[in-house]
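**Q** The following feature annotations were taken from TrEMBL:
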type     : residues : note
DOMAIN   : 79-132   : domain 'Potassium channel'
TRANSMEM : 83-104   : transmembrane segment
TRANSMEM : 116-142  : transmembrane segment
REGION   : 157-182  : region 'Disordered'
COMPBIAS : 162-182  : compositional bias 'Polar residues'
TRANSMEM : 197-217  : transmembrane segment
TRANSMEM : 255-275  : transmembrane segment
Amino acid sequence: MSLKNEIPIIMQVVYFAGPYEMKVYMDFEKEQKFLVVKLATELRQITPLSPRWRTAIERRIQDVRHLTTYAVSRGARLQTGQFWDLSGTFLFTIYVMTALGFGAPVPQSTWGRSSALIYAIFAVPTHLYLMLNASLCLVINAETYLKKLRHKTRGQRPFSIERTTSHNSTESPNCSRNSEVMKTPNRSTIRRKIMHYLGVFVACRSVPLMVILYYIFGAAVFGLARGKTSLDIALFPLEFTTSGGLEHVNGHVRILYGCYVEGAMLLLSCGLAMLRCHSGAALTCMTEKYRLFESK
């Protein structure tokens, strides 16, 4: 299913879930005001400090509890904030598309849930297919590029020596000798170091290290940069859940976190692609036996 066909489904979630959330909240406030007026009217007709006074107050408290429970079950927000704005819906589609679902808000209207279900049926397998193929293409191209750089680095020193010897006829021996000693080893050493770091990070040869660094990067961006406490910084993904206060997070932060989740999925897909490309004999036998990786 193409993105052009998925966009109307996303817009249906925004169209149904957002107004429904606001309608339930307005109905909840209206019912609360009605109970307050009804309680005040009843207390005027009762003698103060009589047993009926206490009974009326306790009955209204129980009515408020039932009303609050019913409103929350329908998706009403008891505090300021909103789930189903444009940024919240974007983050919800990322949660559904990546099959995370951890702490994600759920549409309360029938049309909103139906649209989300239709979107998940097409988006989840499409996203997994695209991620696996994109990560495999990325890993193969990165390794091919690193091999070319490695061969170029190995073959550069003889080339530089030949170039310096060819220029010895026109230049003085001292100048050519100094340029060969000073420039060539330094450049080759720097390039070897660059190749070493690229081999570790770009080619995904150390996926656990990359995962740790990526999590630290997320903690710095979504926790430390926003002035959170040390515990909130360490557990920053919990803030982007319904029970962690997602309705109070700014819209641009929600969008950035959705992109961060996509990057995490791409990183895990690169690790899976590396496992497929460089698996040992035992792992290859196991994958063929249980058909874990189907390439045909």
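A Cβ is built for glycine as well, from the same backbone N, Cα and C atoms used for every other residue.
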**Q** The domain 'Potassium channel' (79-132): mean pLDDT?
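**A** Averaging the confidence scores along the domain 'Potassium channel' (79-132) gives 78.
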**Q** By DSSP, what is the split of the domain 'Potassium channel' (79-132) into helix, strand and coil residues?
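**A** Summed by class, the stretch gives 35 helix, 0 strand, 19 coil.
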